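These notes concern the structure reproduced below.
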Amino acid sequence: MSKILILAAALFVVAATPLTNPRPSFNNEALSAQYRLSDNTIPTFYDVRLFLDPNADSFRGSVTIRVMPYVETDEIVLHAMDMTLSNINVRSDLNADNLYLSHTLATDDTHFLRIRLSQTLTAFLPYLVDIDYTAPYGDNMFGIYVSTYETATGDRRLVTSQLQPTFARRAFPCYDEPKFKAIFRTTIYAPAEFTAVRSNTLVRDDAGTWPDVPGYIKHEFEDTLPMSTYLVAYLVSDFDFRDNTENPIYRIPFRVYARPGVLNTADFALDFGQRNMVALEEYMQFPYYFEKMDKVAVPDFAFGAMENWGLVKYREVALLVQDGVTTTSTKQNVGRLICHENLHQWFGNEVSPDSWTYTWLNEGFANLFESYATDFVLSEWRMMDQFVLNMQNVFQSDAVLSVNPMTHPVYTPSEIIGTFNAVAYQKLRNSRRHLGGSSVALTLVSAKDLSSLSLLRDRSALRVRVNTTGSVIRMLEHFLTPEIFRRGLVIYIRDNARGVVTPAQLYTALQQAVNEANYSLPTSIEQILTAWTTQGGFPVITVRRSAPTANSVFITQERYLTDPTQSAPDRWRIPVNWVLSTAVDFSDTSPQAWVPHTFPAVSVDIPRLNETEWFIFNKQQTGYYRVNYDEENWQALSRVLNSDQYDRIHVLNRAQLIDDAFNLARNGRLDYRIPMELARYLVRESDYVPWAAASAAFTYLETVLSGSPAYEWFQPCPVWSTNQRSPFAELASPCANKRAYLQAFTNYCRVVHQRYIQSSHQPSERGDDVCAHSCVRVYKTEFLLELSLPLFDELGFDETQNEEHVTAFHRNIILGINCRHGNENCTSVAQDLLQEPESIHADIQTTVYCSGLRGGDAGAFNTLWNMFVDTTDSSRQSILLNALGCTSNSDRLQLATSAPLTDTEKYTVEQHLLKKTFSSYMDQVISDTSSVREQDRHTILVSVINAGPDNLEVALDFIIDNFLEIQQSVQGLTGTTNILNALSRTLSTKEHEEKIDNFYERYQNYFTAGEIASVAAIRENIGASQFWADRNFNVVEDWLRANYGNHAGRVTATVAFVLPLILSLLNVV
């Protein structure tokens, strides 16, 4: 390349990457100096040559980096990791003399390669750094690594890459921080048998600059635009592809690559991917500037997907759709992820964050637009309605003190990777990026590290709020109006393309759009958003009439925390709007008032409020906050919901009322009788969204009720002493005759129930206490069955023609309630369908499989496991892994192969046969010969945890006993944190708290930062659940008894419904 071109390229990149971006001043400057590269030298161009043979164990490479010194220096510092350097040459572009003197490669997690020079570099004069090296392929799906897939003739291998966030340094020596943008030229030498060799750009159509090498085919690619190192990507494979040659919906070559034999599953990605790119280009008013777009389905891939510029990679289950096999949920997830990665071509690729502290500038917009822009193409999917449900789910994880702000400084690789725990979780949500077993890659946090990372002060470490960011940005769109919001983003992308940014550039662009439109805000965009981006959590506002006849309300705000014993001083500027019963219009979601951050309470005038029966704040739940009301307004809302006029309230606000009410009651801000009364309206509700909101609330109730004193009496074979005062005391060992025990037990429950009705008796005898809590479970079951019965009859098991897209999700909720809680019409159909498991419609397979496994059927477990082993379809594997955790027999979850039956074992014949027949399902997580891919192994434990209280206990003990092995066996970035987050949602008792304390003490020196954050959340949520039990159990019990236990006939009918459930709980086969 000529000197003129060299200087031009250098100046272009320098201009595109300004050094004067404002950066916030953080407290820990020492960490910044220790881990972040200085601006003394800047890369402007990389020429990378790689020899990649999938059949080898390592690769070799050479890189030439053009660097520009900004100060006089005798040292060049960059990153390199897990490689052997064989030659280094540093020369001026004007002089070939080698200036290299020596180098050191750090053995700690800074990964700094320091090249000392024989003379001082002249500022603003380009230099070239040549480095030759060899490196092993990564063994944890990061860096450059090998993936495999099965064929009829044996396993096939391919080379692929995953360089985000800090693994480009494992592929080639580089300045591995997002702010150091440069142009990349790539040449790959690969064996001739691998015909699909790809990188970010098109293959050059000339001879190129590098020679051919015997035994390899040279693939030399065009230069990229200036971009960050983490976006570089490689593929060496024998994949096939489908492209848009015959139907060019999009204006450039668009291909979908996959392993041979599955290309028939690429049609949806090819069609939707193009249409979505067209829609995004139109919205952004800024073209996609690369000359091609490849989408690649990789068998082994740590992330759900990765937005590499021009070569986007996905897990197979996140890109390929097979009619009749892929569920509606998985297909939706494919569309969502394609849109997510397409959006990154602007937010992340064109405009990149100055550092990973600002990950939300990439992932927050992608989190919102994966739904927002999918609606551009497939509005019938109701993705923005579903986004509200996702936001309600985010509320749960964001309602703990340990959550960090959106803008949270990160320095170490462990901290940076922690930010991507949340990213990966949201990318894989609904089907589901991290480090695996390599001790080099997996930065473990020791007690010493905790001090240096300030983690002793903040055990949360890296609970970065990527999903939260999408919800805050959605609120931003609504309080600005969609038109001003869009204009602000257009300005932001246009003014910062090829550059790096902090939030300041976003605020400037949005403020320009506000000013152009003459739009009124109470203060600047920066002042409004700063509180939302620099504080953790979110607010709850309480709205109360100033007086019964007043035309004003008082609004207070505070940070919402699940654990009501905790508090925080955080306050926000909150946009509010409202609907009155006398003027029902939910369409205009712009703010009608603002709650300031400086006052404990504010009065807001609302004309004609005194004429209204009820009012609702937060139209369509567009604001990222919860709303509480005075009791009179809650009661009025309950009345309208439980009437034929319930649909006067917008469907998203019906979902909001359910979700807010149950969660406000959960942490003691609201009497539990209010959400229970609200929920009774569901018997009228036919829309999916409110039912999905209610389903999450009911799941939590199931969790905390299972943690009550009653639940221990539903364990297998409880034994009462013969001196207990009960009509079935003669059954000293109910295991001898479970069915006789069950009948006596249920009869006794009726006796106790009548005693409750006839007097204010509170049980003191143990047997009475058992039945009191047992009846609560019976009443709760009747409550859920009664609410869902109309929809069970309407939706059934069979898909109907032209039904709404979300009906598949709705059907699963209703079938799950009914089969799980003993509706014989549900369980019997599920058992019949299970006789031919291959013929079950994909959308209901998990529900049907779970129903059969909860019944304890050994044949069903064996059949489903064999189906998993035999299939290579990733969608079917996902369904089966999630279902297999539902087995009701703990011995099937953790079995020792061929263990002898001792005298002390109390197994039935079937259980003993199972013990000899089944290898441990949970052992598949840690087994060296596991049939489950590393990226999927955490699903085993998550499915067992989520299957029910009995299975939870088995999984918790397994995790505590085997955590180090699990840590090394599951996909590292999110594997263990997904498991721990599942525990956070389900653990609730004092016994659980003791186990988690022991777990922490046992493994605290081995936890990653993300794992520390998850353990902190577990502790907070257990504390909140214990508070719930102390405060709310009796209230829920009384309400259920009063409404679903007023006559014996009802209990008798319920016992008939509940009988299968109790049988399964008692392991009656």
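Yeah, the Cβs are placed from backbone N, Cα and C, and that goes for glycine too.
Summarising the annotation, TrEMBL assigns signal peptide to 1-16. Sequence annotations record features per position, and here TrEMBL assigns domain 'Aminopeptidase N-like N-terminal' to 43-231. For 268-428, the entry in TrEMBL reads domain 'Peptidase M1 membrane alanine aminopeptidase'. Positions annotated as Zn(2+) binding site by TrEMBL: His340, His344, Glu363. Taken from TrEMBL, the feature active site, proton acceptor applies to Glu341. Annotation comment: TrEMBL describes Tyr425 as site 'Transition state stabilizer'. Residues or ranges marked as domain 'ERAP1-like C-terminal' by TrEMBL: 614-715, 782-1003.
The structure, with features from TrEMBL marked on it.
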| residue | record | CB count, 10 Å |
| --- | --- | --- |
| His340 | Zn(2+) binding site | 27 |
| Glu341 | active site, proton acceptor | 29 |
| His344 | Zn(2+) binding site | 24 |
| Glu363 | Zn(2+) binding site | 30 |
I'm checking region-level scores; what's the whole-number mean pLDDT for the domain 'ERAP1-like C-terminal' (782-1003)? 82
Measure from the CA atom of Glu363 (Zn(2+) binding site) to the CA atom of Glu341 (active site, proton acceptor) and give the result in Å, rounded to a whole number. 10
Could you tell me how many residues in the domain 'ERAP1-like C-terminal' (614-715) are helical, how many are strand and how many are coil under DSSP? 67 helix, 7 strand, 28 coil
